[in-house]
Amino acid sequence: MLRWQTAGESHGEALVAMIEGMPSGVRVTSQDIRDALARRRLGYGRGARMKFEQDQVRLLTGVRFGSTLGSPIAIEIGNTEWPKWTEVMSADPLDHELAREGRNAPLSRPRPGHADLTGMRKYGFDDARPVLERSSARETASRVALGEVAALFLEQVAGIRTVSHVISIGGAGVESDNTPLPGPDDVAALDASPVRTLDKDAEERMVARIDEAKAKADTLGGVIEVIAYGVPAGIGTYVESDRRLDAALAAAVMGIQAIKGVEIGDGFLEAGRPGSMAHDEMVPGDDGCIARLSNRAGGIEGGMSNGQPIRVRAAMKPIPSIPRALRTVDITTGEAAQAINQRSDSTAVPAAAVVAEAMVRLTLAQHLLEKFGGDSIEETRRNIEGYLASWPEHMR
């Protein structure tokens, strides 16, 4: 069983990510992780932190000579700003007065749209600092690191590859649902785009919308999509609701900070179509295999992958750390106030696409291993090959 967990605070000394259940023999290096984290820092509209944030990666356990060992993998991502925060984020006790002065002073004006107020209520804090430190999207660096390990496993074991792109930012973006989907070979071109799209007209519209938001000291959300190619049919199951692949993918992507909606395939568009135009008809293919005339289901039927590309879309709300600050209540006085304004981005939609890609990779790896098992990548590969070879010829 593949399991993962992350630890660490936004301005703490380091983030730590762990993954257990990865088979031995997966080729992975520290540079692979660094390259993945660099992709997360890309995107027009990012804040000042992205300019100096250099993720210091250490593969602590589970990898030897560039190959996984089958034991738990631990990854440390150091914080280059840590020297500035050693007192504010000290794990050891500070003098009471010192702990409440200057930068250490409690943050008592919770931000609307953040975890601040409810987190303070839930965990008994009189300060938003402990809440915002862990709820910060900085934590997603850990998931991107783990997602890269999962990506390498998926490609090496079964040729599965993923790609992510941005559909829209602030309502501006790709204007046609018939725009060709990007493929795995388009990753470099997408990384080079300031807003992670292959559509140059849409790129101009999105950049202009971000510039407008910056000028107004505002923030923007958007819509992203992840596509997975090469996933064999039969991953996931219809027999229990909690083991359905679409449910797992939706939960994984919904768990990303600021994501407020997820759909598989055409999702909400399907609700407005008659049944005769909503499903993916099957015909005999030229190669003797079954072919589909469309992919409205997004590669998943009955909770299982059906062999077509898997498409997952997500809606990201605007970042709630707004430069001009929203109205709130100061919890120390009970009086109206302006919310605290932590350094943030105008938009992080392109980065969210990279994070969503990581979560799709982790979920696919988890369900692939649930189906095929294997202590080594060679064993998993043999199991997959045997499964595919077992299909009757007329059902391939």
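Any Cβ shown, glycine's included, is placed from N, Cα and C.
Swiss-Prot lists Arg40, Arg46 with the feature NADP(+) binding site, giving sequence analysis as the kind of evidence. Within the same chain, residues at least 6 positions away in sequence whose Cβ sits under 8 Å from that of Arg46 (NADP(+) binding site) are Asp345, Ser346, Ala348, Ala351. Under the three-state DSSP scheme, Arg46 (NADP(+) binding site) falls in the coil class.
Its Cβ placed at the centre, Lys317 (FMN binding site) has 15 other Cβ atoms within 10 Å. The FMN binding site feature in Swiss-Prot is assigned to Arg134, Ser135, Ser136, Gln257, Ala258, Gly302, Lys317, Pro318, Ile319, Pro320, Ser321, Arg343.
The sparsest Cβ neighbourhood within 10 Å, among the listed binding-site residues (Ala258, Ile319), is found at Ala258. Look at the binding-site residues Ser136, Ser321 and count other Cβ atoms within 10 Å of each Cβ; Ser136 has the fewest. Using a 10 Å radius centred on the Cβ of Arg134 (FMN binding site) and all shown protein chains, the other Cβ atoms total 17.
According to its DSSP assignment, Arg40 (NADP(+) binding site) is helical.
Between the C-alpha atoms of Ala258 (FMN binding site) and Arg40 (NADP(+) binding site), the distance comes to 16 Å. Under DSSP, Ala258 (FMN binding site) is assigned to coil, being neither helix nor strand in the three-state scheme.
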